[in-house]
Amino acid sequence: MKSVRLCSQAIFTIRTVFLRIALLRLWELDDLEEEAETVAFLEQMNYWQTVLFSSEAQELPFIKLICHLLYKKLVSPNRTVQAATANLWRMLLVQKPAETATMLTYAMEANQRHLSMGFMKLANLDNDAFLGWVDEHRGELDSFFFDTLSKPWEDFVAEENRRTEESTKNRLGKRKDKLKRWQADEALFDNVLHRHEISTSHSRSNTHALERMRHQKAVQDQQDNLAYIMSSYDKLDKMLRRPCGLLEEDEASCRWQLDETEGRNRMRMRILPDRSTQQHVFHPKASTSGKTTPSKLKIDTSLARASTIEVAGMTPSATESVFGISRQISRVTSPGLLDETGQDTPVPEEDFEMVADPREDDGFEDKNRKVMRSLERGDQVQNLCNVSRIVGLEAYEGLLVVGKDHLYLQDNFFQRSDGEIISVAQAPAEERDPYLQMISGRETKIRRTQHSSGEQSAWNWAWEDVISISKRRFLFRDVAIEVFFTDGRSYLLTTISPTVRNDLYAKLVSHAPHVNIPISSSSPSEDSWRLESLRNPEETPQTFGSKFANVFSSGSSNAATRKWIRGEISNFHYLMLVNTMAGRTFNDLTQYPVFPWVLADYTSEELDLDNPHTFRDLSKPMGCQHPAREADFRERYRSFAEMGDDNAPPFHYGTHYSSAMIVSSYLIRLPPFVQSYLLLQGGSFDHADRLFSSVEKAWQSASGDNMTDVRELTPEFFYLPEFLVNINGYNFGAKQATGEQINNVVLPPWAKGDPNIFIARHREALESPHVSKHLHQWIDLVFGFKQRGEAALEATNVFHYLSYHGAKDLDNIEDPVERLATIGIIHNFGQTPLQIFQRSHMQREEATHRARRLDSAAESLTRLPFPLLESKERVFSLVYSPKQERLLCAAPLRLNIPPTYDRYMEWGFADSSIRFYDAASRKLIDLMEHPHQGQLSCATFVDSGTLITAGEDSTVSVWNVECTSKAVEITPRICLFGHRTPVTVLAISKAFSTFISASTDGQVLLWDLNRNDLVRKLDKGAPVECACINNVTGHIVLCRGQNVALYTLNGELLLDQRVCDTEDDAVVSCAFYEGVGNEWLERELVFTGHKRGVVNIWSRVVLGDGTWHLQLVKRLNNVDSSREEGTNFAAAITCILPTAQTVYTGDDDGRVYQWDCVQRHSSYSGR
């Protein structure tokens, strides 16, 4: 029953609400404006009549209210609404007859009772009749419905409004109460959460940092692993495609580039494959009549900057590119300052394409961790410094890490002032060096990429490999250092300020052991020959004895000058030393080494070095080789002097004898110089008529024809024939007048069209007596007292004042425009070398006072009557130990270990091991089993730290050697593949970091020791019996049976000649005479050891037809004095060791003989 009551109450409530809604809607509707809606609602009320007028709805007030509202609709002027209302009245009377009658009876007054009866009859009338009745009684009906029944409606409305207000107040009160409860609950929750955060914040932060670090390390490890995999894949791909690989590519399609490795006399002679993945196609300058297609150039937005903010306030703004406006500066700042070609050509408009912004976030990468992971095991970081690596005309920013045991150089890292290591692209602008913007390579798409093949982004060296460190200048600012290494490579590094440079120099010098050893040390190292070529006397550590001697020494010249005067070093070597002392470096094209024109004859069929007219006048600069030209330059100086411009002192020459454009134009046929040239030229070659294409025309232009050309030469003119040949097949275009295609450099007639002959004869001219007699005069002009001041004026040798160091201090120039102009002139115009001689340079002594050496006195070699040694074993090697002051001989399968040779190595044992013994006690020190699969076939030491072995498994292995007091340990560096048969011959050149390997099938491979990579294949032929590499010239000798083949260091065959007289003879051993120091060798001597005790000495000469030939100089017969007939020993000569005045030979029977140069004088004839 209770559920029934609850249901009835709910239904009653619903019905009440429904009735109120119906009343509200009926009241709201407007008969005129909402006719359709009104009629529709009345029809809906008619439809819901069972609910509205049900028997359970016995509410009289509702009847009154709905009758009041229905009457309003009934008297509406709209007939449609009246009809719909009449229908609803009829339903009301039908459904509620009693309630309606009661309401009408009691509500109406006595005089209105007849109206009640009228309404009651409505149910029987149609609408028109009913509406007509309503119109007849309109006044009475209005009085009743609008007066009598209006009060219940007003009371109903008031009551409803009151209820609504009360309900609203109740709801607001309840809502406020609930909000208060919610606020209290929220405050309680916040309080609990706050207490929880306070109590767990430290642990949560630690946990977050730890997990974030783990995530970063995981991501970085993944990236590093992927990079390693890609690098390994790239290496394998290159190994497959290189010579002797499974997918060997045609060598004719290979591109070549000049390697930075320096050999003897600091010569950069090696040409290596350019295996970069990006091969550029360079185009010549289009003619004015031809159609040109503008090339899109990418703007490299990475700028070279600096490491600290120490001098940020005194450095120029980084908002403009100095390089970009330097051409305009050179035309407007100084009169007569012209480009290298003397032409004023406009810069073509280019289309630029922006590359991606390098400052975008590169993801998770902990640079500190990455730098630390690059350290060698057990090493510790002691200092970090932001540096920029100068390469040609470009700068690569990076981080120099000074470790306890190693030195590290890493590109693209930067240490902020707060100590954080980031990428260079993310470095703050105010902390980077704006001076380096001009060499950032932003004007052309030829920009070299840091990660191109063959170039690393990170290097490291043990401190023992750092051989020399020198202070250098960059843009005439004392902010650079140059670091040289034992492998022949060097790097020019710049810092932001002189203070930073000096601090870094002190730290580096304190770690490098070779740098702290005086040159005059009694125990020279293996690399003392290289150290002597690099050391600046002002930076050389001195012993107390040398300092004491210098105090009382009357001579002012340094040791190198004294050696040159005495003829102990060559002219070339001395010029390289002078350039080095003057701060000239191969790493910066704006400070490239300067060499003189020495010849004036480029038209004769034969070069006469005995004729003084063959040579250029070394006492005068290039602008004064002709009197008329000298007068013109003097007149120019006078004109500028009369102008009286204090800001622009007068000068003779508007161009320089050495600049980046001059160097790159000379070496345009070789990368990386071709990229530097294109960088200066805006991405394309200059007009073919203005390119370096002829040695004769270059001389004529520089010596007389062109008033804007006073250029000198570069060192390559005296040792590198490859720079004269278009080995990469670049399209330089054709000359406009003749249509001649520019390809190789046109050589003088006396060169017979062979670049090797030109280089050989040019070097011979440099070392000739005439040049030796006058070279000091040229040194006075370029490096000496005639470089500046009154002496320079008298010698007509004054250049633009900004080409001299100290003319202006860039850091003190406040005007940004002036600073940019000055930088542009210094960088593009040329820089005069540092003046290192303040007085007149001494002349070289005559050659008659020098001791005779093997290259000039080989014909006088005479054998001592008795052998130095008879070991009864085949002589495999001969070395002279300076420490022990004796000759050391080794049998086959044995090598003496340098540099002290107090230990030796043996192989050939049954267990295929290598064993190390003490030379004095012959006790076993150490051994290594199975270095190869099978037995070793040959081995050789590069130096005390590097061993090369070859085995029957056709592989070549390079090992690191570490000798301690009790052991000799070797660890593998790399295993090299390329041969398909056992390797039987190895020959090395420490000077050029090169070695060759020859196998039994006649295959000969040339390898690069610095990169542990194959360079090229030499011509395949008969099996090689022996081979050797000349450490001075780089020439390679291969002996195959009765023939000797001579190659250049870069694999070019010079000659292949039979050197045996009889059919049963063969070449068994060979050697080069390399001199004792850096002196000039009059002849390149090749020694060949033959069967039956014969040693032939050959000299390389050029025949009349321009071919190379080995000319026999002397035959040494190893005569058996015990036989009356005076025949030779039957044993073959298996080893030859030439020294300055002595030749040692060893034969198959173990005999070692000494051959001496006999000094014959006129006094001997009377005896």
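Each residue, glycine too, has its Cβ placed from N, Cα and C.
Annotation source TrEMBL lists signal peptide at 1-24.
Residues or ranges marked as compositional bias 'Polar residues' in TrEMBL: 277-295.
Here TrEMBL flags 277-296 as region 'Disordered'.
What TrEMBL lists as domain 'BEACH-type PH' is 376-509. With DSSP states grouped into helix (H, G, I), strand (E, B) and coil, the domain 'BEACH-type PH' (376-509) comes out at 27 helix, 62 strand, 45 coil.
The domain 'BEACH' annotation in TrEMBL covers 549-844.
Remote same-chain partners of the repeat 'WD' (929-962), defined as residues 6 or more beyond its termini with a Cβ less than 8 Å from a stretch Cβ, comprise 464, 526, 895, 897-899, 905, 907-908, 911-914, 968-988, 990, 995, 997, 999, 1007, 1009, 1012. Here TrEMBL flags 929-962 (among others) as repeat 'WD'.
If you average pLDDT over the repeat 'WD' (976-1017) in this model, you get 94. Per TrEMBL, the feature repeat 'WD' maps to 976-1017 (among others).
Within the repeat 'WD' (929-962), the DSSP-based counts of helix, strand and coil residues read 0 helix, 21 strand, 13 coil. Residues of the repeat 'WD' (976-1017) grouped by DSSP class, helix first, strand second and coil last, total 0 helix, 24 strand, 18 coil.
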